[in-house]
Every structure is written in C-alpha cells, then in structure tokens.
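Features of the protein shown, as given by Swiss-Prot:
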- 11-31: transmembrane segment (TRANSMEM)
- 41-61: transmembrane segment (TRANSMEM)
- 67-87: transmembrane segment (TRANSMEM)
- 91-111: transmembrane segment (TRANSMEM)
- 119-139: transmembrane segment (TRANSMEM)
- 150-170: transmembrane segment (TRANSMEM)
- 368-388: transmembrane segment (TRANSMEM)
- 405-425: transmembrane segment (TRANSMEM)
- 429-449: transmembrane segment (TRANSMEM)
- 460-480: transmembrane segment (TRANSMEM)
- 481-501: transmembrane segment (TRANSMEM)
Amino acid sequence: MTSPTFIRLRFAFKLSFAIVAALFLGFHLQLETPRWSVLTAAIVAAGPAFAAGGEPFSGAIRHRGWLRIIGTFIGCIGGLIIIVLTIRAPVLTLMLCCLWAGVCTWISSLVRVENSYAFGLAGYTALIIIVTTGETPLLTPQFAVERCSEIVLGIVCAVMADLLFSPRSIKQDIDRLVDKVLLDQYRLLQLCIRPAEKTDIDRAWNDLVKNTTALNGMRSYLMMESSRWQRCNRRLQVLHTESLTLITQACETYLVLANHPDILTAELKAMLSEPAPTPAEIHQRMKTLRQFIAVSHSEAIPHTISSWVGAATRYLLLAKGIHTNSSISRVEEGILAGVVPVKHVSAEGHHAMINGLRTGVATAIGGLFWLWTGWTSGAGCMVMIAVVTSLAMRTPNPRMVAIDFLLGVIMALPIGALYFMFIIPATQQSMLLLCISLGLLAFIIGIEVQKRRLGSLGTLASTINIMVLSNPMEFNVSLFLDSALGQIVGCFVSLIVLLLIRDNAKDRTGRTLLNRFVYSAVSALTTNKARRNENHLPALYQQLNQLLMMFPGDIDKYRLALTLIIAHQRLNKTEVPVNAELSAFHKQIRYTADRVINAKNSQKRRYYFARLLQELDQYQQKLVDYQSPDAVTRPVKRLADMLHKYQSALI
C-alpha cells in the first residue's frame, strides 16, 4: 500500500476520476463548455503532482484550488470592468487587457511564490473573457458567470477525488522532518566545534536552511487540510524561528572558535561531541548540558553554546506538541507569544518589472498581429502567449517552462486529433465510453506527470483544451486545427520573447539582497526595546534562501550573507548604552544604509557606502568616549571590518 508504484497508480486513478467526474457533471448540469471544468480538474490535481514529483498532499491540491478560484474571480471582475469602460473601442479594450496581464504578472513576481499563481491566472483570465466575447460584448457578464461556475465545479471534482481515494496528509511528513531537522542541527554543531572542513559545514547548513524553509512552507498545506491543526501551525511558526536560531548560533560558534580555539573547555567539548542518533537521546543530552551550564561559571560557557542549548530546549518542547497536537501549555504560550516576526519587502522590484514588461509586450504584439491580419488562430495564439508568459515568470527557469509548454502543445496535436476525429465521435451515443476514453488518457499522463516528464503537464492541459468539449459537441475540423495551431505558435512566440527580452536584474537583485543584510545588521544598533524584540530571522533567512536559488554555485555570497546574519543576531543581543546622542546616531546609520539599498546608480551607491563606513568609524569612537564595555565595541568593530573587507561585493 505504501510502495512507490502503488502511490503513482493511485494518483493516476485520482486524476482520472477527477477529470471524468468534471466531464460527466458538466454535461449533466448542461454547462455550455464543460471543457473548462475538465481542464480545471486536470490542472488543480496534476499541477501540484508535477511540482512535487509524485502524489501531492491534500493541502496542496486545495491550496491550488483556492488560488484558481481567487484568480478566476479577480480576472473576471477585471475583464468586466475593462469591457464596461471601453466597449465602443475594441482595440483599446484589447490593449488595456494586455496592460492588465502585464500588471498581474508584475504583482505575481512580488508576492510569495506559493501565492503567485492566483495573480498570474487573473491576468490571462480577463484576456480569455474579452477575446471569447469580442463579437458579443453584451454577453460578457453571462460568460464570466458561466466560467466561474465551471471553474468551481472542476475544483470540487479534484478535491472530492482526493478525499474519496485515500487523501495524503502532510502531517506525517512534517513529523519526520521536525525530527530530522533536530538531528541535523546537533550534527551541525558538532561539525562546528570539531571543527570540520569548510565544505562539509557549508553543505550541512545549506541542507538545514533548505529543510527549515521547506518545513515552514508545509504549514499552509497543513492548515488547508483541517482547522484542527491550528495549534500545530502556531508551534511550527515559532519552531521555524528556533531552527534558524540554532543554525545561526552553530555557525557563530564556528567563527568564534576559529579566532579563539581555547574558549571551549575540554569537558564541554567532549559532552557536545557525544553522538545522539535519535531525538530522545538529544533530549537527554540537553538535560545534561543544562545541568552543566547551571553549575558552571558564566564566563566558562561561550554565549553561543548557552544560546544554542536554550533554543534546542525550546525546539524539543515545541516538537513534542507538534507530534501530539495537544493543548498549548503555559510554558509554550510564553514561547509562542514572545516571537514577533517581521515581514520583509521583496527585493525583486526590477525583476518583477521585466516580467510584467515581457507579458504586456508579448500579448500586445500578438493582439495587434491578430487584429491586423484577421488570422483565425490569432485569439488562441494571444491567449497562449499570456498563459505561458504569466505562469513561467515566477519559476526558477522560465525558459524551460516555455519549452515544456511548447513540447506539450506539439504532442497535444496528434493526441487531440485522434480523440477529436475518431474516438469522441465514436462515443457520442454513450457517455460511459466517452468517460472511459478520456479517463484512460488521464491515467497514462497522470503517471508521466509524477515523473516530471518534460511536456507531460502541457500535453494534458493542451489536449483537453483543443478537444473543444462543448454542449452540444460540434466536430468542426477547421476550428480544431485553428485552436491547435494557435497554441503552438503562441508557445513559440512566448519562448522567443523570453529569449529576446533578457532579465539582467539577477546581479542587481543579488546586490540588493546583500545590502539588505547589511541594513539588518546596522539596524540592530538601537536602544528601542520594541525594535530589539522584533524577530528578523525568518525574513533574513528567506532572503538567504532566495540568494541560494539565484546563485546556486556562489558559496562566497552565502558565507557573506550568513556572516551578516550572525552580526545582526550578535548586535541585537548587545546591550547598547542608552544615550540620546547614540540614539540619534543609530537613526543616521540606518538612514545611510537604506540609501545604499535604494541608490539609483553605482556612483551614488559607492558614495553612501563610503559614508556608512565613515559613520561606523565615528560610532566606534563615540562608544569609546562613553566608555562602553568590550561586549559592545567588539561586535561593532567586527561589523565595520567586515564591511571594509567586502565592500567590492556590496557596491
């Protein structure tokens, strides 16, 4: 029952059932174009499977369904507004729709990746409505309502198929990953105190950052499964912070030991070096370490080690609650209430603008070419351009997504022709035969989708789209060929646009991210208690993960970013003297660091960065004048030296 083959076959059957149910109910309820409900069921069920490379979790399917509903409704409302305002000017209507698609793509590039699908869908939904009702604009409201109804029906069928045939809960995977992350955290600390080779440590913390990010991403899917996981969701949110704290403290321990190898006593090092292959054994180790720290002198225990043990203790307490989903205790409530996460602003503003420009320009060119030539395949081509350019932009490799779509529509032509010209006409007298034939196609492609076969998802969606499943069915070969040709040309044009309009914002975005790490470090210099209690770690590590995705082979950037995160944490824990002059200087330093981020050109950025270094030198002198202890002056000096050393990478 748990073998990979059985799981693949089970999902393929789920996909077939969802598509067949949407087809049957679409005809039974007398919907005008059941194709949309069938296509929605296929995309909602198969999309997460292609992304996961296997059977998706129930929460992923429902999350995808909700995003499709939201995107469809936003797109329908946008299309209706454009039609109402410009009904007497068809060309202006089409150009406004292209602008709408570009704006939606721009927004989808700024929001969280898991929610970007809704805005991409909203962009091309409005275009589909306007293109479809171009000759009868007065019927646009009716078409929008019908499309929304068909979309909702397809989503209901996909969710029901998952519920009926053994839904896959994400909870067990969360439990396993929670334990794995804890074990990996302990191993990372052991590597840092040994110390091991830099490459081994880099690999260990890189994997931990990815697993911690993945664990946090599972929360939304868990909440989509059932409301009874609310307590787990709260614990997971704080567990994410504790895991990031453990990574930071372990890496800071490595840096401290590199400069002061004798700071760790032999007894403490021996205790930390003892193996602990299970969470239960780590729990026992933490008990022993807490007792040892309690009876030891405070100066005998490095601050990073005591902080690591404290974070690991909180992690263990939260992990136990996640496994059992029990009521939140008073101690846990104190931990949960003490975390105030800070949301970060996207650093991909320029990248998002390029994405919106690609979609807007590509759809506008397709629309003008359609209006100029009167090409019968122009509408389908224009819609396909919008679909590909909207959905590909937020992926790590948009060009490969466009190629996937192109291969899919090419494969859909012979498969769709076989069904449209031979199989479907032969099953017109029997709904059962029609459902079996379409279900068989879905079953075969459902297996390939889980293998992430290039072109498989595009083949499924494109084949359903060109079959023109309408009520009543009309077998117009010319219409079929126009639709198929429009899809192929649209995907090809989209690929050409992606290749011609290059995104050169990668280096700029990477530099912006690094300068944001600098800003977070200097902003920790504050006497404001509310600001010091803010939790920046999730936002900082989210930006670090983004840096990992953008520059997968540049280990120097990761080390610099991680060192700046460590500097932020160290300065945030430093007791800065309360002084009006120092507080005013803190504001000035933050302002200068912000100007470095928002500088319009390299000359201004270089000027403000030099000013920031000068202000940090002045700040160090003020700390000396006010006789601040070494615990305050040393971290500030370390940060200033780091910025001097790596200024070429930051400007």
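A Cβ is built for glycine as well, from the same backbone N, Cα and C atoms used for every other residue.
Beyond the ends of the transmembrane segment (91-111), by six or more residues, the same chain brings 75, 78-79, 82-83, 85, 117-120, 122-124, 126-127, 130, 346, 348-349, 351-353, 355-361, 363-364, 367, 371, 386, 389-390, 393-394 to within a C-beta distance below 8 angstroms of the stretch. Counting Cβ pairs under 8 Å that are 6 or more residues apart, the transmembrane segment (67-87) and the transmembrane segment (368-388) reach fewer than 3 and are not in contact. Here the transmembrane segment (405-425) has long-range neighbours at 384, 387-388, 392, 434, 437-438, 441, 454-463, 465-468, 473, 475, 477, 480, 484, 487-488, 490-492, 494-495, meaning same-chain residues at least 6 beyond its ends whose C-beta is under 8 angstroms from one of its own.
Across the candidate stretches 41-61, 119-139, 368-388, 429-449, the maximum count of CB pairs under 8 A to the transmembrane segment (481-501) is reached by 368-388.
Count of Cβ pairs under 8 Å against the transmembrane segment (41-61): among 11-31, 119-139, 368-388, 429-449, the largest is for 11-31. Recorded stretches compared: 119-139, 150-170, 368-388, 429-449, 460-480; the one with the most Cβ pairs under 8 Å to the transmembrane segment (11-31) is 429-449. Remote same-chain partners of the transmembrane segment (460-480), defined as residues 6 or more beyond its termini with a Cβ less than 8 Å from a stretch Cβ, comprise 19, 23, 26-27, 30-35, 38-39, 42-43, 46, 376, 405, 408-409, 411-413, 415-417, 419-421, 424-425, 428, 441-442, 445, 449, 487.
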